[in-house]
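Notes follow once the structure below has been shown.
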Amino acid sequence: MASILALDGLYAEVPKFLPEALREGCAGKKPLSFYIQQILNLMGCDGDEYHVLFTSSSEEANTHMITAAVRRHLLRTRQRPHVIIGAAEPPSVTECVKALAREKRCVYTIIPLKNFEIDPVAVYDAIQSNTCLACISGTNAVVKTFNKLQDISNVLRGIPLHSEVSDLVYQGCIQQNPPADSFSLNSLYGFLGVGVLGMKKKVMQDLGPLIFGGGLRGGSPNIPGIHAMYRTLIQQRPSIKKINTIHKLFIKTLKKHQHVYLPGLSIEDVPSNGMPVEVPKGLPGYILFSVGHSAEELQKKIFTKFNVKVGRIVNLQEMLFRIKIPQKYWETLLFIQLRDVLTKEDIKRVMVVLMYLDTITPRGSLPPPSHSSSFS
């Protein structure tokens, strides 16, 4: 005997003799639904068309999708399924497909790069009568060029297209290159974050029992696990919510002032509104961010990967007070030197840089404020 609790189209069985499990599930259901919708909004996806499953990483999500598609084809026909993969896919895709091929569960075709991207025509030419899935990432793992996911999906004519789109999201290009049928993401909500597998509901048909173990009404994410995932998401630091909060504070401040100035002015130079009366000539624009990594790691990565000129890293309560950032955000601060006029595009660029670095920096914790480093 079991009662069914729905969560965004996914179901879980709850034994009636475990009321504490039901309470935990109800506590986590609404907040987790909010995170699901937040992710779909980030992707530009219609919430009514997609299922979302939280995973440990994009690697797990990719493996779920590939193995389920192969097994579904084997259940439908005796013909060995065929999988199309790109030449620059992440190892979680290529190794999974090759392992299934060694077990004689599938065959596969690797699409070579043309001008550092996957040509939709080459994908069309590779289609066979037994093709069950194509795996083409939003960006190539080696050279980071964009693939035309919608064009590739059009030539597949109903064959599901699965895409790893983490780089597209963290580079701010997902709206220009939206996923087609299913997608995976890595390290959402901070460097201790979660992975995501998103699928259109029409692609989900018959895949549910294979991905969730016992079908949509059994073996899917259990109720205590829903609440645990919710607690995990809200405890991540830094989180998307936190970064967006700081971003909004800067937008509000920069509507009144062209620059956020480096500290070093005497108190006589600072009027009641916390900013200098006269703008010093030639003073470049700066943006301040609270980040979850040590200053030394960020300095090298930003300078080498993005060619952004770094000013200096400080920890100054006076500066935070001037621009009215709440005390709970007083952590290691990063000043990134930009152009003479700090525009919204500059802010957007820095947002993308820091969110991307969030996904590639090893796990760690913030140093105490007194240990913040500075450099010229």
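Cβ coordinates are placed from backbone N, Cα and C, and glycine is handled just like the others.
As recorded in Swiss-Prot:
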type	residues	note
BINDING	Ser58, Glu59, Ser184, Leu185, Asn186	pyridoxal 5'-phosphate binding site
Please list, in sequence order, every residue of the chain apart from Ser58, Glu59, Ser184, Leu185, Asn186 whose Cβ lies within 8 Å of the Cβ centroid of the pyridoxal 5'-phosphate site.
Thr55, Ser57, Glu60, Ala61, Asn62, Ser92, Glu164, Ser166, Ser187, Gly195, Val196, Leu197
Max CA-CA distance, Å, over listed pyridoxal 5'-phosphate-binding residues Ser58, Glu59, Ser184, Leu185, Asn186:
9
Would you mind pulling the DSSP three-state label for Ser58 (pyridoxal 5'-phosphate binding site)?
helix
Which number gives the other C-beta atoms within 10 angstroms of the C-beta of Ser184 (pyridoxal 5'-phosphate binding site), all protein chains shown included?
32
Cβ-Cβ under 8 Å from Ser58 (pyridoxal 5'-phosphate binding site), same chain, 6 or more residues apart: which ones?
Pro90, Ser92, Glu164, Ser166, Ser184, Leu185, Asn186, Gly195, Val196
Please compare the binding-site residues Glu59, Leu185 by how many other CB atoms fall within 10 Å of each one's CB, and tell me which has the fewest.
Glu59
